[in-house]
Amino acid sequence: MKILGIDEAGRGPVIGPLVVCGVLVSEDQLELMEKMGIKDSKKVAPKKRNLLARKIKKIAECFVVKISARDIDNMRAKDINLNEIEKIAMMKIIKESQAQSVIIDSVDVNPSRLCSEISEVLGPEIDIKAEHGADDNYVVVAAASIVAKVERDMEIEKLSRQYRKLGNLGSGYPSDPRTKAFLKNFKYDNMPEFVRKSWATVKKMKDN
């Protein structure tokens with residue numbers, strides 16, 4: 001049987017996309033993944049993350065959904081919150097992968113509610129498990145976290161190259177001084193489309 005692990009990267013940043021990734025692997029490959037040293041992306045150095053992502057893609061099917069800053073802003077303007085946005089991406093991945101066993105790093109404070117909501121749409125025949133910290137407890141979810149993080153980093157690098165004349169974007173996280181400095185160089189109405197204008201951090205800078 002194959003198992004699908006799902007995790008995301010880029011939930012909190014003010015710049016760049018939210019990336020949701022699913023990694024589909026057969027049960028007999030899980031031990032190999034553990035031997036490869038796969039763990040939650042936040043616990044793996046960038047160079048090793050890139051190497052592991054390449055190895056993961058060789059032994060597993062990877063499904064990636066990228067939601068741009070502009071799309072996030074548009075959906076939030078329609079009262080679709082970030083949890084809903086991410087849930088939509090997760091369901092897209094589950095449908096595309098045709099997985100019958102799914103483990104999710106829960107975005108909902110109530111993991112069982114997330115499972116129920118997905119099952120209501122996709123059907124009860126899919127075995128769905130959602131947990132907080134699933135990227136620590138399940139290697140297939142850790143693999144998804146690594147691929148998601150690497151894919152998002154690539155998107156930020158792409159934006160940095162494309163818009164290098166505008167300044168250093170930094171990591172895109174509001175705590176990054178480079179990102180803060182970049183945002184301060186723009187008035188709210190003129191900010192690039194890769195900035196999440198609906199974020200409180202951006203609105204605060206506008207008010208200041």
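The backbone N, Cα and C atoms fix where each Cβ goes, and this holds for glycine too.
Of the residues proposed, Asp79, Asp105, Asp108, the one TrEMBL records at the same divalent metal cation site as Asp7, Glu8 is Asp105.
Under a cutoff of 8 A between CB atoms, and with a sequence separation of 6+ in the same chain, the neighbours of Asp7 (divalent metal cation binding site) are Val20, Cys21, Ser41, Ile104, Asp105, Ala134, Asp135, Val141, Ala142, Ala144, Ser145, Ala148. Listed in chain order, the residues near the divalent metal cation site other than Asp7, Glu8, Asp105 are Ile6, Ala9, Val20, Cys21, Ile104, Val107, Ala134, Asp135, Val141, Ala144, Ser145, Ala148, each with its Cβ within 8 Å of the site Cβ centroid.
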